[in-house]
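Q: Quick one: this structure, given as structure tokens, is what I'll be asking you about.
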Amino acid sequence: MMVIRPVERTDVSALMQLASKTGGGLTSLPANEATLSARIERAIKTWQGELPKSEQGYVFVLEDSETGTVAGICAIEVAVGLNDPWYNYRVGTLVHASKELNVYNALPTLFLSNDHTGSSELCTLFLDPDWRKEGNGYLLSKSRFMFMAAFRDKFNDKVVAEMRGVIDEHGYSPFWQSLGKRFFSMDFSRADFLCGTGQKAFIAELMPKHPIYTHFLSQEAQDVIGQVHPQTAPARAVLEKEGFRYRNYIDIFDGGPTLECDIDRVRAIRKSRLVEVAEGQPAQGEFPACLVANENYHHFRVVLVRTDPATERLILTAAQLDALKCHAGDRVRLVRLCAEEKTA
């Protein structure tokens, strides 16, 4: 059974293996053991209540409960940009016009922005390619909403997600090549690694501070503004179906889109509810997949179960109860895994 649980110190080697499979561009999962160990420690201290909000971050892993294999990782940053500035480009417009010459030009322009400062962030989503099946990707991504719904007071009103931009298998980023490299004088992979290992001072020191007309970029770079890496397209679709939208903010390195949503408008958060569990044989039938999570802050668990999402009493097997660290009579959080398709 696939189970979402909080990260543990013993997961570091498994996270190193996952990091080696990302192909670059996932800034928050560098193949650097010291950085990953520090990330785990920060997550543990967050759960223990030892960190200020500006440093808090939760990390979860997807584990096969039978073999102990760690198949994926996902995380939530509680409030971004309160220690180090949080940069985006806002894609806006500057108008240049002259009535006398009968000229009017509306030019797409990149403005350096810190507008998302203080937002909660969904980040570090990666599923081992060998495990991209049977709803694992949905479970990994959406499990975070169950945690946010259960412990709403831990998070801010807006939640954002930076999506991986267009980068090829050799680490070539058209956006970086046309813009970032001119100011940072390094390859994309180097800048990405520095950022992922916490060495972010260079961003503030070297970032262009003035608006940038996108027409000055190569056509290839212009074409990838706000676009996602092909492997990230499914993750973007998942978030958009939960209510997230692209509001013209992009990543300063690869030009990938930043999606955002008011936390209380996220479908899985808004529609999740508490039901009582009992032990037994679940009813047979064509039921949809549902997320089921316990309400245990320190021992949080999420699994996928096929059941009636409208039930008031959830029947689970002994194995499912054990995976959830629950007992009969406990209350668990339940929501349909995917939004119901609207019928005409």
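Numbering starts at 1 and runs along the chain as displayed.
Cβ atoms are placed via backbone N, Cα and C, with glycine included.
Pasting the feature list from Swiss-Prot:
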ACT_SITE  His229  active site, proton donor
BINDING   Leu125  succinyl-CoA binding site
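Show me how these features fit into the shown structure, please.
A: A coil conformation is recorded for His229 (active site, proton donor) in the three-state DSSP classification, outside any helix or strand. Counting Cβ atoms from all protein chains shown, His229 (active site, proton donor) has 21 others lying within 10 Å of its own Cβ.
For Leu125 (succinyl-CoA binding site), the count of additional Cβ atoms within 10 Å of its Cβ stands at 23 [all protein chains shown]. DSSP gives Leu125 (succinyl-CoA binding site) a strand state.
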Q: Can you tell me the CA-to-CA distance separating Leu125 (succinyl-CoA binding site) and His229 (active site, proton donor), as a whole number of Å?
A: 14
